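Peer 1: Got a structure here, written out as structure tokens. Questions coming.
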Ligand SMILES: *Cc1c(COP(=O)(O)O)cnc(C)c1O
């Protein structure tokens, strides 16, 4: 397997991008789906923004600085425009701001504004918790949940919004975005896709699927840094009509007119609420630029090749794969069910193989294609085999749960 891994690395057209990341020695990082690693350019970029733009430019940096740089005021749109092609959107349909959670609240409100007279939001049980919590937090909304194989049957003319996560965070299962969007539109519902585990990892074409709304995460496959701003998409055809509940001054048509009356800005700019976090936005921009430079086509091909190679390497182990077997039907991850998944994940981490655990019994391994090598995959598989064979995971030290798993 090791020789085959080396051959695959030698033939990998994007192998050299690994050097653009700062990865610690002795670590095989299979958790880029939870927190992407540090791009070397982001460290440089943050230094420059801190020293030149904040330190020297001070408040002048909100506008473009004479020698270039600054222009902080335009960052949400600029970064959104760079994310747009990664998910099949037009540049002016995406904006970077706030967290996924906050954007969900805004876009659920936007969906209701586009579909007056309806108040049901349909989703699936076991969706990412914040997606469900944000539905439950809207007092005028009635939540309806349906299992995925009954989702289309659960759509009727009471449904204002179908809110689904494209790639399931736990199992890696992927919804057919085009098919579900069409089914929702057939009953007059709006569709909101959560792309947190999709953007930068799997093919996404929001406009090809005719999606209405979407949100996605900045700190996973886009490598924007811990707590990076998220992004939100509103299809151009809705730009004239939607409103959203968090009507802050940055979403005003003329924030610096300091008017008493709220008047929404054009298009997705209306989604802004308050002042953007400039340092976090700069790190996100740098992460997105790197993913865009590598290109989605090459990333998707390698993502599939890496996870398929891992399956080959562990074919002889007694493992219960819960992710779909067809790589085109899953995200860039493999999830295995094991009664002692937590202890297993801890034993692997002790060996430098960082994956994660998702309650109650899932060992989740992410295969972010921008920096992983096939030799890492073979090594990770070898460690997993040894941890299982030796029963090493049964040690007491691997049983205690930390606050973040
Ligand atoms: C990671 C993730 C989020 C994160 O939400 P935040 O508000 O940014 O913490 C939301 N939804 C899904 C599906 C996720 O995977």
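Here the Cβ of each residue, glycine as well, is placed from N, Cα and C on the backbone.
In case it's useful when we look at the structure, here is the feature table from TrEMBL:
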type    : residues                                              : note
BINDING : 101, 128, 129, 130, 131, 165, 194, 197, 219, 249, 275 : pyridoxal 5'-phosphate binding site
MOD_RES : 220                                                   : N6-(pyridoxal phosphate)lysine
Peer 1: Under 8 Å between C-beta atoms and at least six apart in sequence, can you list the same-chain neighbours of residue 194 (pyridoxal 5'-phosphate binding site), or say none if there are none?
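Peer 2: Once residues fewer than 6 apart are set aside, residue 194 (pyridoxal 5'-phosphate binding site) is near 100, 104, 127, 128, 131, 163, 164, 165, 166, 214, 215, 216.
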Peer 1: Return the member of 101, 129, 275 nearest to the residue listed as 'N6-(pyridoxal phosphate)lysine' in space, with distance defined Cα to Cα and candidates limited to these binding-site residues.
Peer 2: 101
Peer 1: Of the binding-site residues 101, 129, 194, 219, which ones put their CB under 6 Å from ligand 1?
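Peer 2: Cβ < 6 Å from ligand 1, in sequence order: 101, 194.
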Peer 1: Which residues, sitting 6 or more apart from residue 101 (pyridoxal 5'-phosphate binding site) on the same chain, put a CB under 8 Å from its CB?
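Peer 2: Result: 130, 133, 134.
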Peer 1: Which three-state DSSP class does residue 129 (pyridoxal 5'-phosphate binding site) fall into?
Peer 2: helix
Peer 1: Just jot down the residues in the same chain as residue 275 (pyridoxal 5'-phosphate binding site), at least 6 apart in sequence, with C-beta under 8 A of its C-beta; none if empty.
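Peer 2: Set apart from residue 275 (pyridoxal 5'-phosphate binding site) by at least 6 residues yet with Cβ under 8 Å, we have 250.
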Peer 1: Can you count the other CB atoms that lie within 10 A of the CB of residue 219 (pyridoxal 5'-phosphate binding site)?
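Peer 2: By my count, 24.
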